[in-house]
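Feature annotations, courtesy of TrEMBL:
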| type | residues | note |
| --- | --- | --- |
| BINDING | LYS117 | ATP binding site |
| DOMAIN | 86-344 | domain 'Protein kinase' |
| TRANSMEM | 369-390 | transmembrane segment |
Amino acid sequence: MAPHQPDRTAEIFDRLLDLPVEQRGAALAAECHGDSELCARVEALLRADEAAAARTLWQGSALDAQAKLVARHDPDAQAGLRLGAYRVVKTLGQGGMGTVYLAVRDDDAYEKRVAIKLIQHGLDSEEALRRFRSERQILAQMEHPNIARLIDGGNTADGLPYLVMEHVNGIPLDEYARRNQLPLSRKLELFGQVCSAVQYAHRSLVVHRDLKPANILVDGDGVPKLLDFGIATLVGPQEFTVAHAAMTPGYASPEQLRGRNVTTSADVFALGVLLFELLTGAKPFHCEAHTPEQLAQAVERHWPVHAAGLGRDWQAIFRRALAPDVELRYESAAELLRDVNAWRGGQPVAARSGGRVYRTLRLISRNRLAAAAVAVALTALVAGIITTSIQARRAERRFNEVRSLANSLLFEFYDSVKDVPGSTAARELLVKRAREYLDSLAADRAGDETLQRELAEAYWKLGNIQGQPYGQNVGDSSGAIESYRKSQQILEGCLRDAPGDRAASLDLVHTLQAQGPGLIRLGRTADAETSIRRASVVAQGLLNQDPANSKLTEEVAQCLRQLGNAVAVRASIQNDRQLHLEALKIYRQALVLQQKLTAAAPESLGLRMRLGSSMTYVGYALQALAASSGDRSLAVEALDLQRRSLEIFRQVAESAPKEAGLQRNLGDAWNNYGAAQSLNLQWEPAIDSHRAALRIHSGLAAADPRNIEAKRDLVETHRLLSKALWAGGHRAEGRAMGEQALREYQVLQALDPSDAENQRLLNAAMNELQPMRQ
């Protein structure tokens, strides 16, 4: 090898791994340009790769080679194959666990091009099947604009599993950047979207573990999509380590190369490699790597890397993103992105840790006219810094520890236990500790803009945990409103400083919207309506700026549903028919928007669930109007909507039978359908529906006895079943069930006397029980 030339062994090896075996020889010769030593090193790696077991070396190893051998004889042998509702058209490529095909919807429902990933014959070992099903589980829980969506799944006639995914017609991220000669600003914009997708996966407790340009395709609209969760790891309380070390060497962190525990930090390292390549056109590490350990040692030896032609801010960013030691690395993809965005906005980069002098210099770079005035102040500033630097470093370290712990409690630990039955006690302790940490952070760093955004999101999350109605919470409605208000105040301050900040505006929509149900529960319906109307105005304003944005359309639809709820509650309290009609009009607007969204993406489980909710709310309003007017046509329409909603929630719940939240939705849907059946005088079917709800809610309440929402669901089921039993002629059972419901409502009211919604239901239970006692 010529002196002073970087070793390209790992780079060439990466490229050849993605080629069929029979093409590697010619490609290797072309890459090495006559360098026999380089060629020999790459060949040695390829031989080791082919001989390695699938679970002990790099991504694609034995499985990848076998898959390509299976497919090379006739890559389109599966053309015409029918898988569920789809027909295979052609092969798109081979991967570590199977082949990916282009397919089309092969029925009259709607036209759709999809990608189908099918595990290959010969690769259906227990390990391969476990990983394939894990990928299906991982994709099913994620819905993000920069992650290729899971649409469907199933098994072939001979039992092999397959995935139906969104077809991304695009090119790899690095190739897209080169081909289009992207300016730096556009590269960083794309990288930001990738970071957002990775952070979303991490909050879903998923580590991708194989981030590289080939797994990030940019589509025709310039939107990057993250693909291939085939070797991703679900990180939860029962599974934190990795079972095998599948990876791509040039993007793998040292701990991953050595087969150690892999956390979200491994993905942060890979993002650092991606960013380095995007900005410099080269890989950060060059070495003569024959084994994973040698490559890990090379990363340690060559760190910190030097990004040629880039300033000190970027050197600091790469020093931290690519740190061999996990403790020195960025703690999250979001933290890395904050530094990238800080550089873009001329703000101080946290990785520099430059203190007041550095921050002042960044101010000068943003505002040259301020330089003269700042220079005078800077002279006096330096003297003070010398005497306080040691104390400042200690304080900063402690502050970052508290900041990290608060985020970990709210965004990692809570998400890992929220759907675990019996976890209410753990969530209560989490709330207490997280609130203490957040209040401490807010008091210490009132002027830290980056921290303020973190705090706003954290207080919103804390409010959800404390008392988000109809979600898993610890039953502190007043505490939830207090946390939401803190989030609101922080975001309003951010928007005063930056009125055009769309992200802050969207966060404000969320926290205003979240206050509505909680205020209703506390009996403050006027405040609830005011908060939701303001959220609706902000959301509609954002949508007006970007009318084609489906995410913003969804936000507007959610605001309308919440607003309809507030108006409907006021209508019930005042027994006002006009208000019921107003609520119906608002609900119908939300339903129209949701129908359009779902029609555009009928495979999305999230959109289908929200469509079901919209149908439910329209049904509520129709039932209220039918009950007050005796209009049977309204009752019939309500029954049809509740039936359709129930079917949606039943299909969704079947996809994850152990997930408490989806089961709860199904139980509610059975109760809603039963109430509509009762309104149509279908007493026996109504009893059956409420008994179906009772089975679900009884199980959920028994599994988590301290969960207040589960108790409320069960008590409301007892009340509805009591009414249907009494009206259907089962008088003794109906009365006994009604007495039980009343006692349970009284217990709930004693637990939280401020709960106005529970008080209304308690009053209803008393009124309904009176004729039963006579």
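Each residue, glycine too, has its Cβ placed from N, Cα and C.
All protein chains shown were included, and the count of other CB atoms within 10 Å of the CB of LYS117 (ATP binding site) stands at 26. The domain 'Protein kinase' (86-344) scores a mean pLDDT of 77 in the predicted structure.
In the three-state DSSP reading, the residue listed as 'ATP binding site' counts as strand.
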